[in-house]
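Novice: Here it is: the structure, laid out below.
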Amino acid sequence: MKTSKPHKALAELKALKKALQAPPPQPSSMPAAAPPTQKPSLRFGLSPKSKLNAALGPDDKALFHQAVRGTTPLKTKNTGQQLPLRSPKAPIPAEQHLQRQRHASGADELLDIYGLSDEFAIDFYDRPMSDYLSSYCGTDVLRDLKKGRWAIANHIDLHGSNLEQARLRLNYFLKHSLIEQYRCVRIVHGVGYGSKDKGPVLPLAVRRWLSQLDFVLAFTDCNPAEGGNGAVKVLLRNTHYS
């Protein structure tokens, strides 16, 4: 006996209703699979190379490899050469350091001749020194002065002056020459034959004064056409004195 189609459809609906009313299946009692473990990171984070790889994209890496193509890595990391430490230089005495600063700047004031010694002499002789060269200068300076490299720009004649008069006049003359920036000047002091039983007082005093002044670089006897040994040719430092 064949089942009619209505009865078959009704049976399918009942089966579907029963399936819908059935309780949901219980979850499995098996534990879920643990996620894959990650490798422990370095104690202080990623290495510089790992950080670089993480920061660079594929395009950046391609450009980098193209830039370093053909280069050879160094075989050792210790490529620097450690140089020995230099021993510290001995400190310059304060007085010498001050003299160097004053000489380099050219701003030192004119030393008053009244504060200089009349007896000071480098050569310790009783005759006037013919030449003088400052310790700041090389020997070529004195040689050039003798050859007339610098023309005489100013001069003074101290003939007939006693020691105090000569001191006052020479002090003013040197100050004026520095203000006018004269490099080479001539001082006529005579040979001192007129002094009685004292020798050449004025020639000795004038050259002793000059040898104590920082702005005097050198002096020498004038040649016969310039006054001979009765006059001295002086080279002054090029300074901006005011």
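Quick reminder: no glycine exception, Cβ is built from N, Cα and C everywhere.
Keep in mind that TrEMBL annotations are predicted by a computer and have not been checked by a curator.
Checked TrEMBL, it gives:
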type     : residues : note
REGION   : 15-51    : region 'Disordered'
COMPBIAS : 22-38    : compositional bias 'Pro residues'
REGION   : 68-87    : region 'Disordered'
COMPBIAS : 73-84    : compositional bias 'Polar residues'
DOMAIN   : 156-237  : domain 'Smr'
Novice: Under DSSP, the domain 'Smr' (156-237) has how many residues in helix, strand and coil?
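Specialist: Tallying H, G and I as helix, E and B as strand, the rest coil: 34 helix, 19 strand, 29 coil.
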Novice: I'm checking region-level scores; what's the whole-number mean pLDDT for the domain 'Smr' (156-237)?
Specialist: 88
